[in-house]
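See structure below.
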Amino acid sequence: MKKISNNIFLIMLIFGSLITISANSWLGAWMGLEINLLSFIPLMNEGKKNLMTSESSLKYFLTQAFASSILLFAIILMMMSFNLNWMNNNFYELLILSTLLLKNGAAPFHFWFPGVMEGLSWINGLILMTWQKIAPLMLISYNINYNFFLVAIILSMIIGALGGLNQTSLRKLMAFSSINHLGWMLMAMMNNELLWMIYFIFYFFLSMSIVLLFNNLKLFHFNQVFNFSLMNPIIKFFLFLNLLSLGGLPPFLGFLPKWLVIQNLVETNQLFLLFISVCLTLITLYYYLRMSYSIYMLNFNKNSWMLMNNFNNKNMTFILTMNFFSIMGLMIISLIYLIL
């Protein structure tokens, strides 16, 4: 019975986002966001119930309800001002943009995001990092304010890079990584409507491949990764390269969306923004490398038994196939391009 209810909530969650994306009025978009929020709360509480899960769902609900109420207030004010010619339109734009950035967890409205991520299971965390961003991002793309965007982009990149440096929790690390990627998506959105969607699809795939691996191996904290030496060396190698791919290191698939954004920034002559974003992404690469270093260098034992244990289930085979495409994707795409 519980599984049926979870599936119903998951379908409602998807429909809520689709209603927002396809809405032709701000009120319809707000309604879609509310359906999406109310479907996700029960999903957050499924599975193992502990204090952190309840705290996370309450934090998420209060933040999103606060953002939704301000969004509705801004929409009503905007509709009234069109009739009465009250204020400058910029005020409503900023108000709506702020609430949507709060819903997304972008800096400077990111404070709730790592805390909520910490209390969720990996699968719910994946939904929060990926699917839950689609509807607000789509609404943000209708409502671009250049100066405010610039502040949000730079702050997201700084906080995403520096926030992950002192983390011992993998879920918080992924949350700060998500904030950094959100900065890249907003930067892509500023110049090109299609580019942020391409970036998001790649980010969705990369996050999914790494989160499913963490979920399968039941890794939640740094010390578990440190004691990961008993695992299969192939899985460790995939995890290491996948982290580098998520960070956007050149030979891997994760570099492709960043490459497209960098090319776009060069074409539009936004070199200062490009310099900041590349420098701050190097810091995110540092904390991925730190994790990989602890897997390989600090505590490495080579076992001579139970090495193939993780390959026996179908889930692991599927996850490792995804990881392979995450690592080799750019090379495969380049080869296809050269052949065609």
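Using the three backbone atoms N, Cα and C, a Cβ is placed for every residue, glycine included.
Unlike curated records, TrEMBL annotations are generated automatically.
The transmembrane segment annotation in TrEMBL covers 7-27 (among others).
Feature annotation from TrEMBL assigns domain 'NADH:quinone oxidoreductase/Mrp antiporter transmembrane' to 23-284.
According to TrEMBL, the transmembrane segment annotation covers 60-82 (among others).
Residues annotated as transmembrane segment in TrEMBL: 94-113 (among others).
Sequence annotations record features per position, and here TrEMBL assigns transmembrane segment to 119-139 (among others).
Annotation source TrEMBL lists transmembrane segment at 146-165 (among others).
For 194-214 (among others), the entry in TrEMBL reads transmembrane segment.
Annotated transmembrane segment per TrEMBL: 234-256 (among others), in sequence order.
The transmembrane segment feature in TrEMBL is assigned to 271-289 (among others).
Marked as domain 'NADH dehydrogenase subunit 2 C-terminal' by TrEMBL: 285-337. Restricting the average to the domain 'NADH dehydrogenase subunit 2 C-terminal' (285-337) gives a pLDDT of 73.
Within the same chain, residues 205-206, 208-210, 212-213, 216, 234-235, 238-239, 241-242, 245, 251-256, 310 sit at least 6 positions outside the transmembrane segment (316-339) and bring their C-beta atoms closer than 8 Å to a C-beta of that stretch. According to TrEMBL, the transmembrane segment annotation covers 316-339 (among others).
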#### Entry: Highest-contact recorded stretch vs the transmembrane segment (7-27), from 60-82, 94-113, 119-139, 194-214, 271-289, CB pairs under 8 Å
119-139
### Message
With contact taken as 3 or more Cβ pairs under 8 angstroms (pairs 6 or more apart in sequence), are the transmembrane segment (271-289) and the transmembrane segment (146-165) in contact?
### Response
yes
### Message
Check the transmembrane segment (119-139) against the transmembrane segment (94-113) for contact, please; criterion is three or more CB pairs under 8 Å, pairs 6 or more apart in sequence.
### Response
yes
#### Entry: Distal contacts, the transmembrane segment (94-113) - CB-CB under 8 A, six or more residues away
26, 33, 59-60, 63-64, 66-68, 70-71, 73-75, 77-78, 133, 136-137, 139-140, 143, 145, 148, 151-152, 155-156, 158-160, 175, 178-179, 182-183, 186
